[in-house]
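Asks: Quick one: this structure, given as structure tokens, is what I'll be asking you about.
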């Protein structure tokens, strides 16, 4: 079973599916939805089967596929996953069908056909799988950049009133970061060319390079800027509130839930193992940004008047926690950060979806337009509360485990930063509960009175129930995910634990150096 | 008794083919009756360019100096000749399009009539076509192919004139917006004459310093006697002359006006083929004659590259006309190409093959982009105002899709040929230690990304204008061009391996 090219299939199926949806004749929106749902369901199935085929005690990268792609550049089409990438694939597998169902009744602005939306969603899924599954840095870069195109069209064609501006800002920020990273990618290749005698982009070979500390710093910064824009860390974050607020709900879920994780994934997969010395040098600065993001995101979240912008600012705070866990350089911190990436995808996903359900009823994204929703739509209010509690990391929800692990892991090495970050937990309780109180409780007012405000429909329940089940399930029993994540994080920690003088890293591939 | 120089006719077949077709074209123009001229001339021009293309492929692998040392036939030269001939064949197809303009041709029937006169207005709708554009373009192609094979500065100068004079003329042949077209021709001619003078003066100085105009002898002189002020000054002037043709900033001022005023098929031809030819000559001059003393040109080219990228990207942002925007894009791309030239690194770097690949990729994409421009029309010819493109995706999803893909390629997004090319030239630059230049190039790529994106935003996300342009149904020639360029842009982005290998193997220059 492990010989089957799972990862290739997970890229090819949605890519072909996307092309098929795009090729449907004009006006066949219903067929487009059904195909999109079937295809994304199939990808979820593949992700689950791939997880079954994955051996948690086995080699670091498994389910590998590799064919030579551009020999002149030494590029391979090489796919493979460690536990970190695998849990991200599972997250993608879960979120895309959920998004498809959640977008079922959406209508495009100015009467646009929604067919293109579902086609772009599937193309985006293929790119997202590729970006996490690539083990060749060039291939990673290709997916990293190509991923922008579908999201650009999703925001630009199907977003809110200021969608043109938001889509352009999103694209340019990411493009700028990506191009700076490209310089580092090429630089890495040139270093490998001088050290190994033959240029390569293979992650496993690059990991064992002994790069001059000065060069390391420059290369590190190239990667870091791209990932910090993507994640996003303060002060590289200004594009996210605009994009998140203007994106259609489904696009927003994937943007915040998955796309932004490419940044934090990049930190742990590329920045740390490839540039261990530089990572250590810059860690205090990055931790500073991370903690600043936690506080800044929380304070701005409290001040938001727009529900979607509110969700994006809570995410900026959460990305601070993830970065804190990664740059604490401890196994618990790293594991907690990766688990946080999954949990944040789920909890922010459901929060975004709940916001979308509110907006679809009230027709407004302003917090002040809502009040007393709990009276007219108690189930929706309950879902919103659960989503909010997961977001503030209440014990018993999934986020608690990861947030606790992050703080536990970073305290021994970075006590000061950790203590400051803990303030963020208090602030999180404040910003979530304030919004819940304002919109859900008290007397009904604003659009809740003016418009019929039906409770959740069956389709909407189908969207939120699996996510709530995951929130509770992973909150009580996170072990299966931890079993996947732990070995991969441990291997990463060994990579950076290696002697700064550049002796061979203590990994299984020692002999290759 | 004068001894005839040795001529390796086999090695010169591509040139003979193209010049032969051009000469026959002149005869046809003079003697054939009017109604057979158009099909005959199109066929002749295609035979010449396609024949030139095929014959370069047939003699691929040759490496020799012939014609008494005046011409070098080598890997890089043949690769460039094949690129020029192939791109020219595509341009000729655009010239031959009869289905788009109501008057059945993009060219004016009688160029000498004063613009705006009653006679001129009659010509607008006159279905009579004039066909001198085909032999003229074929001569220009021949000049370009000679240009990249020139092994001595005088031949290079002659080739420069052979390629330029017909171009000056055909810039002025647009059927619509005659004044703009004539202005373009005059402007191009005047500034081109200046550039030729620069080149000629540089030639004289270099001759004075080294006692030779042969590239290989200049190199020997440089390595034995070193470089004096006279030589460096001469080289600087030669570079200025060549950079002008390559539309590199700060020698670019003609580019936007000429690109805008010239008939769009001619603009496509110039943007692709002239660029290839000019860079071919730059590579040969810097590599063969001055490769061993690259400190003489590296700082200059380094600076020019930065200026060109910044000027192209920043001024491109302010444009409101599609053709002018593509002109500034061409200036920015010239800067990116120069990073590949920096990557020559005294002959050891991969800059030569990277630049060859980039030229091919850029040429194909840019012809495709201009072909799309010929499709979007209103009552007054092509609708080149950016605002007129608003909402184009609603009106014609296919056209907008093709244009978007080509623009993404120009912006250098992965899975397009633009990305592969950029990667190749930036790698070459970083390999020789010019990473600040590469980082600068990447940042300007992001800036340039903005104006490509602006057109995409307009086409997809804006509501269509009330009296917007219509999208013409392309005839067979334009359809072929679009299919070929889009397919090539995709293939060179997704599976560029074999072409990169080819460029790698072709990356030799003799002299």
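Note: Cβ is positioned from N, Cα and C throughout, glycine not excepted.
TrEMBL annotations: computationally assigned, not manually curated.
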Asks: Given A:195-217, A:218-240, which one carries TrEMBL's transmembrane segment label?
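Replies: When A:195-217, A:218-240 are checked in TrEMBL, transmembrane segment belongs to A:218-240.
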Asks: Out of A:60-82, A:83-105, let me know the one TrEMBL marks transmembrane segment.
Replies: A:83-105
Asks: Short question: most Cβ pairs under 8 Å with the transmembrane segment (A:416-436), which of A:170-191, A:218-240, A:282-303, A:310-331, A:461-477?
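Replies: Ranked by Cβ pairs under 8 Å, first place goes to A:282-303.
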Asks: Can you name the far-off residues of the same chain, 6+ from the ends of the transmembrane segment (A:36-54), with a Cβ under 8 Å from a Cβ of it?
Replies: 1-2, 4, 6-7, 9-10, 13-14, 17-18, 21, 62-63, 81, 83, 86, 89-90, 92-94, 96-97, 100-101, 118-119, 121-122, 125, 129, 484
Asks: Contact between the transmembrane segment (A:252-270) and the transmembrane segment (A:140-158) is defined here as three or more C-beta pairs under 8 Å separated by at least 6 residues; is that satisfied?
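Replies: These two stretches do touch.
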Asks: The transmembrane segment (A:83-105) and the transmembrane segment (A:461-477): do they have three or more Cβ pairs under 8 Å, with pairs 6 or more apart in sequence?
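Replies: Counting Cβ pairs under 8 Å, at least 3, so yes.
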Asks: Under 8 Å for C-beta pairs, could you tell me which stretch among A:83-105, A:170-191, A:218-240, A:252-270, A:282-303 has the largest tally with the transmembrane segment (A:6-24)?
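Replies: The stretch with the most contacts is A:83-105.
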Asks: Between the transmembrane segment (A:282-303) and the transmembrane segment (A:218-240), are there three or more C-beta pairs closer than 8 Å, counting only pairs 6 or more apart along the chain?
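Replies: Answer yes, regions in contact.
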Asks: What else in the chain is close to the transmembrane segment (A:170-191), if you only count residues 6 or more beyond its ends and a Cβ gap under 8 Å?
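Replies: Contacts of the transmembrane segment (A:170-191) (Cβ under 8 Å, skipping residues fewer than 6 from its ends): 73-74, 137-138, 141, 144-145, 148, 151-152, 155, 199-201, 206, 209, 211, 215, 218-223, 225-230, 236, 239, 242-243, 274.
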Asks: In terms of Cβ proximity under 8 Å, which residues at least six beyond the ends of the transmembrane segment (A:310-331) contact it?
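Replies: Same-chain contacts beyond the ends: 231-234, 237, 240-241, 243-245, 252, 256, 260, 263-264, 267-268, 272, 279-280, 283, 286-287, 289-298, 300-301, 304, 337, 340-341, 344, 348, 351-352, 355, 367, 391, 403, 405-406, 409-410, 412-414, 417-418, 421, 424, 427-428, 431-432, 435, 486, 489-490, 493, 496.
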